[in-house]
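Positions annotated as domain '2Fe-2S ferredoxin-type' by Swiss-Prot: 4-96. Feature annotation from Swiss-Prot assigns [2Fe-2S] cluster binding site to Cys42, Cys47, Cys50, Cys80.
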Amino acid sequence: MATYQVRLISKKENIDTTIEIDEETTILDGAEENGIELPFSCHSGSCSSCVGKVVEGEVDQSDQIFLDDEQVGKGFALLCVTYPRSNCTIKTHQEPYLA
């Protein structure tokens, strides 16, 4: 099983840390396992509480049903159903910027 380095950043929340997450663990679950508290609500990809923005790297969020193609194209990802597919950098706490 592949494991990736996932950097989570949020200037407002004073987060800038890199954690290891395997390909079968969501970004949100990996963060929780490492003691990083990120916002969430549904845990099923059907709301926007946990939305982040992929700045670098590849992810799989094929299970999400909330974001439209334009939002996904801009890099937004629902971290509760997003799996790393490479080393990546993700801005957390992005719900206010989703519009």
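Here the Cβ of each residue, glycine as well, is placed from N, Cα and C on the backbone.
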Per-state residue totals over the domain '2Fe-2S ferredoxin-type' (4-96) - DSSP helix, strand, coil: 17 helix, 32 strand, 44 coil
Same-chain residues at least 6 apart in sequence whose Cβ lies under 8 Å from Cys42 ([2Fe-2S] cluster binding site): Ser49, Cys80
Count of other CB atoms lying within 10 Å of the CB belonging to Cys50 ([2Fe-2S] cluster binding site): 26
Candidate with sparsest Cβ neighbourhood (10 Å radius) among Cys47, Cys80, the listed binding-site residues: Cys47
